[in-house]
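Feature list (source: Swiss-Prot):
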type	residues	note
TRANSMEM	16-36	transmembrane segment
TRANSMEM	52-72	transmembrane segment
TRANSMEM	78-98	transmembrane segment
TRANSMEM	101-121	transmembrane segment
TRANSMEM	125-145	transmembrane segment
TRANSMEM	164-184	transmembrane segment
TRANSMEM	186-206	transmembrane segment
TRANSMEM	237-257	transmembrane segment
Amino acid sequence: MKEELFKEKSRYITGVVLIVVAGLILYADNLLLFWAVLGGIYAVGFFEALRLFQVKASFSLYLILVLSWVAAYFNGHPVECALISAMVMASVIAYQKAHHSEAILPFLYPGVGFFALFGVYKDFGAVAIIWLLVVVVASDVGAFFGGKLLGKTPFTATSPNKTLEGALIGVVLASVLGSFVGMGKLSGGFLMALLFSFLIALMAVFGDLYESYLKRKVGVKDSGKILPGHGGVLDRLDSMLFGALSLHVLLYFLEIWKETAVFLGD
């Protein structure tokens, strides 16, 4: 009983600290600060992913990680750096034959998600990150309480504690709340913001499921222990990473569509 109470207390304290830190970073709205902090988090998440994919850590892995993250700061398209890092790692595997083929996987997950998260901030600003946070948090909260109150149908064997009803409630709540924040970022109004928020929330659900699948596959409860009461970095950011990639893709293609429309109009 005492252990459970301590865990819950730790969970709430850690949650408050994370919210305050995230709020301060977004308030500062400084690209270098955001890049540096997110880079440190990425390094921890990458280490956790090595465990989940059962890949042995090596100098070449972390060298590629650092160089690609530095390149992302100067590159106009950060997500490209994630894909290039995966290609470089594949080349190292082929040349050295010192790594198993699974060594490429941490550069895809969580790698692509972290680069997308940085890309969302770099290309679209702090408001887009706030939008993403609102959608992901609302999806998690809605799924948790919706599942507790109305959940009856198991969602998937990958995560047996989640229910279909909870997932649907979470997605609906995230779509509605996210649309009000997204309206400030989109010129298409409420309906476009609602559609984007729905797609982000949907991907966030599958981000959580994928993390659950990886942990279940290797027989661990949490991806790490760095966050008291929460587990590891990936336990907290799994939904965010999938959501970030979907948001970045949606906003990126929206920009292309606008530019094309202007070009054709001229």
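Start at 1 and count along the chain as shown; that gives each residue its number.
Using N, Cα and C of the backbone, Cβ positions are placed for all residues, glycine too.
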Item to check | Cβ-Cβ under 8 Å with the transmembrane segment (237-257): same-chain residues at least 6 beyond its ends | outcome: 41, 45, 79, 109-110, 112-114, 116-117, 119-120, 123-124, 128, 131-133, 135-136, 139-140, 185-186, 188, 196, 199-208, 210-211
Checklist outcome for this item: For the transmembrane segment (164-184), the distant same-chain contacts (Cβ-Cβ under 8 Å, at least six residues beyond its ends) come to 127, 130-131, 134-136, 138-148, 150-155, 190, 192-194, 196-198, 200-202, 204-205
Checklist entry - Near the transmembrane segment (125-145), which same-chain residues lie under 8 Å Cβ to Cβ, leaving out any that are not at least 6 residues past its ends? => result 22, 26, 29, 117, 162, 166-167, 169-175, 177-178, 181-182, 184-185, 197, 200-201, 204-205, 208, 239-240, 243-244, 247, 251
Next on the checklist: Should anything in the same chain at least six residues away from the transmembrane segment (16-36) have a Cβ under 8 Å from its Cβ atoms, list it; otherwise answer none.
Outcome noted: 69, 72-73, 118, 121-122, 125-126, 129-130, 133, 227, 236
Next on the checklist: Under 8 Å between C-beta atoms and at least six residues away from its ends: which parts of the chain pack against the transmembrane segment (78-98)?
Outcome noted: 58, 60-61, 64-65, 67-69, 71-72, 104, 107-108, 111-112, 114-116, 118-119, 122, 245, 248
